[in-house]
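Here's the structure we're looking at; comments come further down.
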Amino acid sequence: MVEKPSLDSTEERAWLGEGQCHMQPGTDVVEIANGDRPAWDSKIQYVLAQVGFSVGLGNVWRFPYLCHQNGGGAFMLLYVFLLLVVGVPLFFMELAAGQSIRQGSIGVWKHISPKLAGIGYSSCMVCFFVALYYNVIIAWSLFYMGNSFQYPLPWQQCPVDVATNDTVRECASSSPTTYFWFRKALNITNSIEESGELNSNMTVCLLAAWTIVSLAMIKGIKSSAKVMYFSSVFPYVVLFIFLIRGLMLDGAMEGITYMFYPKLEIWGNVQVWRQAATQVFFALGLGYGSVIAYSSYNPVHNNCHRDALMVSGINFMTSVLASLVVFVVLGFRAKNIALRCHWWPWFNMTDPSSVSIAEYREWYSHYRSMVGPNITDCSLEQEMNKGVEGTGLAFIAFTEVMAVFPASPFWSTLFFLMLLNLGLSTMFGTMQGILTPLMDNFSLSGLRRTLLTVSTCALGFLIGLLFTQRSGNYFVTMFDDYSATLPLVIVVIFETISVAWIYGTDRFLDDVEVMLKWRPPVVYKYLWKYVCLLAMIGLLAASLLRMVFKGPTYTAWNRSTASEMTLEYPGWALAMIVMLIVFASLPVPIGYIHSMLKNRQVPNTHSEEEGGQEMHHGFYTKCTSTEQLDSDFDQRFLNYSCWPEHRNTLRYMTYEETAVHRKTKNL
């Protein structure tokens, strides 16, 4: 063991403070190299964690909707193309950076350059914003799962107004599932301007959701990884069960046909490209810092390139599986609606299913001029075109279908337990994107880590009360649409610039080669430098233009008409949207300015004395994978100074070692 001498010179200390790594005087090299950083117990834990984070609720209710609205199979082809040329390279970049430097997002970008530390803080801010509203969706799932343990299901039929002894008008004008969602679950107001009191049921469910997250995260990856064995695997079991059950439904094949039928003309639509790129971006969890945090607990020689391809592939196949489930269910729902609209003057309509939709539409084409305006052509395609996304898909469309299943409480419980686990596995990754960088950056350990975890969850619950008031659903929509999209794109743009243009792609590939013991294809160099960067800038420009020209709007539920309507945000809500975007993006320029001001206060010791400059150059030696190991000392130097697994000893050598190293090299 070699003990490092203290840095007595003030100038030397100041110069050291500008570096990426910090070492305390008198610290043993080997002790810091090994450290007490947690690690995954097995590779399967790590893969489940990455898959659990990247595969979330968006795979179930966002990807199928985009396929539904944007040309089915044609959209899938476009998605795969963008996944390969943009998604996988950026995902691989984050995995490699985290595994190499073994720090959270703040430490990784500070290591590349202290001026870039703000990128990591922006990632933490976005993760916190996302965690606030994402846990509300978990609370909704808990509420519905709790209400699934009864028969008949509470959303299966409309309630009766005791005053008039008639069906509640709001429910009769919409549907039982729609009424239960908007009135019983959310008790929603008519607009965001009517805040209303706190929803007690949702407040209790939100407290339960944050308690679950806190208990699972309290010991870091050691506790959350064990939960991942269930939360990451169980959704796949449920999806396959629902797929098998769904294929037995009448209308399933029509739904699948609608899903895969390609409409190639959509490739000429810029907005479709924007939506596909955004989905790739969010599906892989780029920019959150969670990917970096998870990979930082890996062994240094882990094959992160294979992990990038594997996790991306699993993510896409999960989206396809979820789409199959959604489309067979929507096909069944659409056919039921179409069958119920039959009107045949000489037929007893007690059994409308005995008349096929094709027969009815043929009759309608001949006699529609003779029937009233309330009679429609019962088009199955028209019903399928009524795309449902997000909460509407999960809490209205799916609940409607499950209500007609035999043993409906079982299917309902299974479905919402799946949503709960999908949400929790993503939530764990989001929280790691907050906690890991802060713990690494401020060197928190033991009790302080626990206090940070608990206090973060407590703060999240208190701020989350905003979403449990009667107008809370409108704020969930606001945060979902605006708190993450633009800031995350900005974060990934700066990440790409940092690696490709500041650190250098060749240098980065050198580091990856040291880790993997083989060099990744050179195509990554050009993808990072040009394709990914231009794609992200294009996505940012398209998102900004859409926001400016279309204007921020939200969908509100009108109680009197029992229907949804699109409203514009009031002035104070627009100011809130701007603040969300600014607060999440502001750490990037603040970090740069802070580093510049800090550097101005530190004298430049490099130019004062040539000998001093020579000493510092020896003290901070850039190690590359091409260095020749000419002696046992060089082997030891490489092991303790160059390998990324010993992040705190990168480029550090004692004065005595530096002298010996120079003599050895000069021989």
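Cβ from N, Cα, C; glycine included.
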Match it up for me: which of 46-64, 331-349, 388-406 does TrEMBL list as transmembrane segment? 46-64
Please report, as numbers and ranges, the same-chain residues at least 6 past the borders of the transmembrane segment (46-64) whose CB is under 8 Å from any CB of it. 40, 137, 221, 224-225, 228-229, 231-233, 235, 259, 279, 282-285, 290-291, 294-295, 297-298, 302, 307, 310-311, 314-315, 318-319, 322-323, 326-327, 389-391, 393-394, 419, 422-423, 425-426, 428-430, 432
Report yes or no: does the transmembrane segment (233-256) come within contact of the transmembrane segment (410-429), defined as 3 or more CB pairs under 8 Å with a sequence separation of 6 or more? yes
Please determine whether the transmembrane segment (410-429) and the transmembrane segment (118-143) are in contact (criterion: at least three Cβ-Cβ distances under 8 Å, sequence separation 6 or more). yes
Starting from the Cβ centroid of Gly52, Val55, Asn59, Asn315, Leu422, which together make up the recorded Na(+) site, report each further residue of the same chain whose Cβ lies within 8 Å of that point, ordered by sequence. Val51, Phe53, Ser54, Gly56, Ser232, Pro235, Thr318, Ser425, Thr426
Among all protein chains shown, how many Cβ atoms are found within 10 Å of the Cβ of Gly52 (Na(+) binding site), not counting that one? 27
Out of 118-143, 276-297, 526-549, 569-593, what stretch is closest in contact terms to the transmembrane segment (76-97), meaning most Cβ pairs under 8 angstroms? 276-297
